[in-house]
Amino acid sequence: MTLIVEAKQRLGAFSLDAAFTSEGGVTAFFGRSGSGKTSLIRIIAGLARPDGGRVVLDGERLTETTAGIFVPKHRRRFGYVFQEARLFPHLSVRANLSYGRWFAPKAGRSESFDHIIDLLGIETLLERSPAKLSGGEKQRVAIGRALLSSPRLLLMDEPLAALDEARKAEILPYLERLRDETEIPIVYVSHSIAEVARLANQVVVLSDGKVQATGPAVDILSRPSAAADRKEAGALLEGTVESFDARHRLSTVTLKSSQLHIPSAVLTPGRPVRIRIPSRDVMLATARPEGLSALNILEGRIEAISPGEDGTVEIRIDCAGDAILSRITALSCERLDLRPGKTVFAIIKTVALEG
């Protein structure tokens, strides 16, 4: 699947001028509120006409302003999941799901009803009414309804934004299964770096209506400038589960040339995982420290130092091929005489396993 988007649109004082190309998987639009994420996904969906630009899916021109082409939203065969589930309150879960089948061409019904309800874990909900569902359950049903329409592309506009942390934790594993077990490309809108780090293959960073960066999630989310909130800056690494210590509930994850020990549930050896290390949780030392409770200490070489905010600096460290970010005070940087090329030891206080 190849999706090409070029869009210009003026909305009052706000101006959107964005372009990107996606080759499938999960492409995440990431940025602060008001950055243009929803405006852009609405143009892709056919819910809004751009003032200029084009939307092309696998060579088919869905929008091209110079040629006067605009395929209506109902003919694009895109699934759309909103912040709110928007289920029909008078229909059961089963009937809501069946409604999605009305929009699937008979020749294109690639996903069976049973497979979808198993994928989303909604077998026990089929006879309930939407009023008797939790927020997370409603969103899973809404996703199922969209999938049963056999979409060529699934658009998800902040589907977890209205949920509390417990409901988000409930639904994220199902979104991972959706990503891994179907071939449906997804455009996913979020301002949560944790969601994007866990789900996305490609990231498009938007700011003030313009694309600031685009590329693989591991590369983009490891840049200090990518975080919508400075507190969220950090490194995203890919690794493989080496082993699981049942006694201490620790997984050993092998990176390119290093290993990390991470508190986790039982993980199968050989499983690929993503690891997020917030820059605020990485301390630096110029000699290998001893007598610390920290389990993860990596040796590396400083690649770059950039000024941060409020008297801080962001330091990028190459740890045998894995890039780690550390945010420390400018005073600490001066006292340790830190500079590019110097060897340091990164003391990692917190590691988040992103799935």
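Glycine too: its Cβ is placed from the backbone N, Cα and C atoms.
Just so it is clear, the model here is predicted, and its values are computed rather than measured.
Here Swiss-Prot flags 1-233 as domain 'ABC transporter', drawing on sequence analysis. Across the domain 'ABC transporter' (1-233), the prediction's mean pLDDT works out to 92.
For Gly31, Arg32, Ser33, Gly34, Ser35, Gly36, Lys37, Thr38, the entry in Swiss-Prot reads ATP binding site. Gly31 (ATP binding site) falls outside any helix or strand according to DSSP and counts as coil. Taking all protein chains in view, 24 other C-beta atoms sit within 10 angstroms of the C-beta of Gly31 (ATP binding site).
Sequence annotations record features per position, and here Swiss-Prot assigns domain 'Mop' to 291-355.
Helix, strand and coil counts from DSSP across the domain 'Mop' (291-355) read 6 helix, 36 strand, 23 coil.
Of all the binding-site residues listed here (Ser33, Ser35, Thr38), it is Ser33 whose C-beta has the fewest other C-beta atoms within 10 angstroms.
Other residues of the same chain near the ATP site, with their Cβ within 8 Å of the Cβ centroid of Gly31, Arg32, Ser33, Gly34, Ser35, Gly36, Lys37, Thr38, are Phe29, His191, Leu206, Ser207. Neighbour density around each Cβ, counted as other Cβ atoms within 10 Å, peaks among the binding-site residues Arg32, Lys37 at Lys37. For Gly36 (ATP binding site), other Cβ atoms within 10 Å of its Cβ number 25. For Gly34 (ATP binding site), the same-chain residues lying six or more positions away in sequence with a CB closer than 8 A to its CB are Phe14.
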